[in-house]
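What follows is a set of notes on a single structure, which appears directly below.
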Amino acid sequence: MSPTTPADQAKKLIKVPEMRRIKHIYFVGIGGAGMCGIAEVLKNQGYKVSGSDIKASKTTAHLEQKGIKVYIGHTADNLKAVDVLVVSTAIDPENPEVKAAIENRIPVVRRAEMLGELMRYRHGIAVAGTHGKTTTTSLLTTMLAEENMDPTYVIGGLLNRTGVNAALGASRFIVAEADESDASFLYLQPMAAIITNVDADHMDTYGGSFDKLKDTFVEFIHRLPFYGLAVVCGDDHNVREIMPRFGRPTLTYGFNEDNDIRAVDVVQEGMQSHFTVLRKDREPLRLTVNQPGLHNILNALAAIGVATDEGVSDAAIARALEGFSGVGRRFQVQGEFELGEGSVKLVDDYGHHPKEVEATIKAARQSHPDRRLVMMFQPHRFSRTRDCFDDFVEVLSQVDQLLLLEVYPAGEKPIVGADSRTLARSIRLRGDVEPILVDPVEGNLPNIIQKVLQPNDLLLTQGAGNVGAISVDLAQQQLYLK
């Protein structure tokens, strides 16, 4: 008998036993950040996987290289001997593939429900919170990997260390982001959970009620078994408010003295942050995280809390943090190009909520104190722009120069008073910065950039839409005309 490989062991270990009747899994919108990772993991487990997307992309090309058939465009003819259809909340119920599946009695499940099935028979670790999920999930995954625990992981961004956002590991561990945007994280049944923070976002899901949002986070913690573990940010007021209702073993982390896991003696130098972590019954541990910003120290503390509980050594934690190469579009340095007697440094970041944008601005100021900060910001969703309008005005006024793109709709219809022109007017009236409206479609971006940028600027492209592609083009000097 030939010896089994780690891949063979992983397939036997993680394949869901109760899904034995399922052979062919089809993903509608397979190129989405939350979909492609699950699709790839299922393919690696031995299922037949196919799917469709509205357009070709690097992600769909990657999936096809892995042997996953991807159709461009949605049509009922794509469904060939499919056993289950996986959709995200972004998919219209009138989608022809969804309608065909319903007509043919093919089960239609949400992506989080499928992720929940992957987690059901494993030691699942779910990372929830309004901000910081992707980086925290990536840090924890890296710590487990450094201890040779070989976890399966599903992340909302590309882990720079591996170049992918999901992988099938040979161990019982699975680490995944838990998405509160549509309350679908309630499908998960993890053994350990992290809550990084709780803020008002995706309020349409919760009927505009912040209390309902907080109630749902409590319900998420109740998905843990009574012997599970919740690791939550004790510095976050909203998390502290709901903690008494958890009813599960809980550890808090943060900078404040009343936390179980604390960071002290913080020193920030360039693109690195140094701190000492204090934990109960442990010696103080001096660490360096290869990321700037206090928010990334908090992300590291969350990962340390779970990693320590799972048996990861201090040495592995230290190696993981110091060697952490980041996540795609999370304060990602895209490069530099020469300008005059200096250069312009390009950084790209996915943050799209006012608190995320503010954390990125602080990290940029701390890591590059001698550079002028020029931000190219693309608001994401009209509803978020409406709900967080005043906060956006305040935060975006903190940069030295602001280039403002139109709102990326993400499938939403325009909302009166929630567009970039109105946002620019309010920022201008505040008087701290003079915003410049930019429309890349009109082809005026190169000329505007030429006029705005100065030697030794830091240009930060910010947002969850397609603004990141501009940073890539700039790094390749396709948009900057000398």
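Cβ atoms are placed via backbone N, Cα and C, with glycine included.
Taken from Swiss-Prot as is:
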- GLY129, THR130, HIS131, GLY132, LYS133, THR134, THR135: ATP binding site (BINDING)
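A map of Swiss-Prot features onto the structure.
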residue : record           : Cβ neighbours (10 Å)
GLY129  : ATP binding site : 24
THR130  : ATP binding site : 22
HIS131  : ATP binding site : 22
GLY132  : ATP binding site : 24
LYS133  : ATP binding site : 27
THR134  : ATP binding site : 23
THR135  : ATP binding site : 29
Quiz item: Once GLY129, THR130, HIS131, GLY132, LYS133, THR134, THR135 are set aside, which residues in the chain still have Cβ within 8 Å of the Cβ centroid of the ATP site?
Solution: VAL127, THR136, THR196, ASN197, ASN299
Exercise. Work out the three-state DSSP category of THR135 (ATP binding site).
Key: helix
